[in-house]
Amino acid sequence: MQLSRQAGTQGGRGGGTDALVVRGVSHAYGARKALDGVGFSVSRGSFTALLGPNGAGKTTLFGLVTRLIGLRTGTIEICGLNLAGARAKALAPLGLVFQQPTLDLDLTVRQNLFYFAALRNMSRATAQKRIIEELTRLDMAERVDERVRNLNGGHRRRVELARALLHDPALLLLDEPTVGLDVESRRRIVAHVHDLAEERGLGVLWATHLIDEVLPHDDLVVLNRGRVVASGKAVEVAREVGEDDLDGAFARLTAPEAGGTAESGRAGAAEAWRA
Amino acid sequence: MSAYGRALLGIMRREVLRFLQQRGRFIAALVRPMVWLVVFAAGFRSVLGVAIQPPYQTYITYDVYIVPGLIGMIQLFNGMQSSLSMVYDREMGSMRVLMTTPLPRWFLLTAKLAAGVAVSILQVYAFLAIAALLGIGFRWQGYVALLPALVLSGFMLGAVGMFLSSTIRQLENFAGVMNFVIFPAFFLSSALYPLWRMRESSVVLWQIASANPFTHAVELIRFALHGQANLTAAAIVAATFTVALALAMWGYDPSHGFSARRLRGGD
């Protein structure tokens with residue numbers, strides 16, 4: 001089943017070019033194909049959920065967009081800059097939250113954020129101001145001089161989110177950012193990022209395998225076995241697949257092609273929900 | 001300030017902060033050479049004198065001879081420690097933050113290297129201060145001339161460590177590399193004994209030690225500490241640095257090097 005939206009043709013709410021355009025991207029690890037002709041776009045001001053089961057290719061796609069993995073086939077454009085031509089410069093409008101925690105545990109929150117600000121060419125004064133602004137929004141300002149080691153998982157994630165927003169990016173990429181968090185922390189982060197997309201006109205690409213993190217009006221790209229199997233508004237994707245909710249649609253879309261059934265896919269989705 | 005300058009300062013500041021906050025690492029970095037100086041060299045001092053040979057103009061005691069070797073040891077361990085921290089950073093994910101910075105990768109890796117060198121220089125001067133308190137001092141010109149030598153040797157050892165870190169898949173594999181790199185590099189060099197003494201006992205070992213880049217780093221440091229330049233040693237250290245850095249860049253290139261192969265099997 002393929003419900004595809006053409007990549008990179010429309011400007012988003014923020015106007016101008018799309019925040020992210022992925023066209024015909026393939027990648028293989030030896031003989032194993034991780035991505036096969038993937039294409040979609042993320043508009044400015046939109047929250048796009050990249051939904052796929054484990055092993056679908058989400059992290060590989062993030063690796064390619066962030067240049068941690070070399071792009072061989074296809075094109076990726078970030079705010080109109082072609083990754084192949086602009087190379088490292090194309091990463092400038094990008095804010096990132098990785099699946100793995102990436103804060104330095106031995107440094108304080110402030111020291112971690114200052115380090116990142118220096119990498120993004122921000123002056124100390126500007127960085128200081130932005131650090132407090134972003135941490136305040138996430139109710140973390142009072143923890144600014146605490147060592148990261150002393151923070152719990154949810155608070156560390158908030159600091160990582162604050163860091164990703166420090167340089168006012170146009171595109172925010174989050175790779176399963178709620179893994180290991182409790183329900184309340186997850187809910188807060190999901191809501192905050194939705195607000196950011198709306199208020200700041202930020203393009204958001206949120207990779208997840210957790211269906212409850214996708215809202216009906218979100219843009220949705222469903223990735224399965226390295227291919228985009230559906231895309232569009234979440235509610236429309238569900239409707240076009242003939243299901244009442246996204247749970248059922250996801251189960252149907254990710255059911256194993258050979259010998260699999262929607263029921264077995266649904267079981268997988270239920271598993272994802274429990275995870 | 002340019003984006004490059006600001007990033008370089010940020011990377012160096014982080015490395016120094018990490019070093020200062022990891023007190024165990026700071027103490028270990030000083031205790032290791034001090035044990036050699038206080039215990040090993042003191043024992044040999046009474047039985048071993050070193051003949052007159054450049055840069056020395058008179059007979060010297062063994063503890064004076066061993067100081068440049070111990071400085072080299074500090075930088076060698078620091079270079080490997082930095083590469084260990086790069087493997088750790090990569091496993092912990094913080095290397096990703098650096099690698100997704102919108103600056104050229106060669107610059108980011110060189111800046112990371114420079115930060116490690118800065119930390120090693122702090123360690124060396126702290127060690128020299130303690131040695132001076134123990135009565136093993138040098139002329140002030142030597143301390144000044146030492147700085148460029150430390151920069152060059154630190155970059156070489158750091159680049160070798162960086163290349164090694166690009167080839168290591170997991171943190172657990174690092175112990176093996178330490179055994180196969182640090183100990184042969186240190187013992188098969190002029191750090192602990194003059195090469196002519198080694199030649200007397202084994203020509204093969206002497207040839208290996210003569211070809212060992214670490215020997216030349218130690219000799220560069222030794223001459224500098226006595227206010228002299230050893231251009232041959234400097235050239236060999238610079239050449240080794242260039243080759244090691246090129247290999248490290250290749251190793252960290254996502255499309256060609258070891259990093260690309262390591263990512264296989266990801267989601």
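Cβ coordinates come from backbone N, Cα and C, glycine included.
Annotated domain 'ABC transmembrane type-2' per TrEMBL: B:24-255, in sequence order.
Feature annotation from TrEMBL assigns transmembrane segment to B:26-44 (among others). Using a Cβ-Cβ cut-off under 8 Å and counting only residues 6 or more beyond its ends in the same chain, the transmembrane segment (B:26-44) has close neighbours at 19-20, 62-63, 66-67, 70-71, 73-74, 77-78, 123, 126-127, 130-131, 134, 136.
Look at TrEMBL and you will find B:64-88 (among others) tagged as transmembrane segment. Residues 18, 25, 29, 32-33, 36-37, 40-41, 50, 95, 112-113, 116, 119-120, 123-124, 127-128, 131, 136, 138, 146, 150, 153-154, 157-158, 160-162, 164-165, 168, 170-171, 174, 177-178, 181-182, 185-186, 189-192, 194, 214, 217-219, 221-222, 225 of the same chain, all 6+ positions outside the transmembrane segment (B:64-88), place their C-beta atoms under 8 angstroms from a C-beta of that stretch.
Taken from TrEMBL, the feature transmembrane segment applies to B:109-136 (among others).
For the transmembrane segment (B:142-164), same-chain residues at least 6 beyond its ends with a Cβ under 8 Å from one of its own Cβ atoms are 71-72, 75-76, 78-84, 86, 109, 112-114, 116-117, 120-121, 124-125, 128, 177, 181, 213-214, 217, 220-221, 223-229, 234, 237-238, 240-241, 244-245, 247-248, 251-252. Annotated transmembrane segment per TrEMBL: B:142-164 (among others), in sequence order.
Residues or ranges marked as transmembrane segment by TrEMBL: B:176-196 (among others).
Sequence-distant contacts of the transmembrane segment (B:231-252), counting only residues of its own chain at least 6 positions beyond either end whose CB sits under 8 Å from a CB of the stretch, comprise 99, 105-106, 109-110, 113, 149, 152-153, 155-156, 159-160, 162-163, 165-167, 213, 216-217, 219-220, 223, 258-259. The annotation transmembrane segment is assigned in TrEMBL to B:231-252 (among others).
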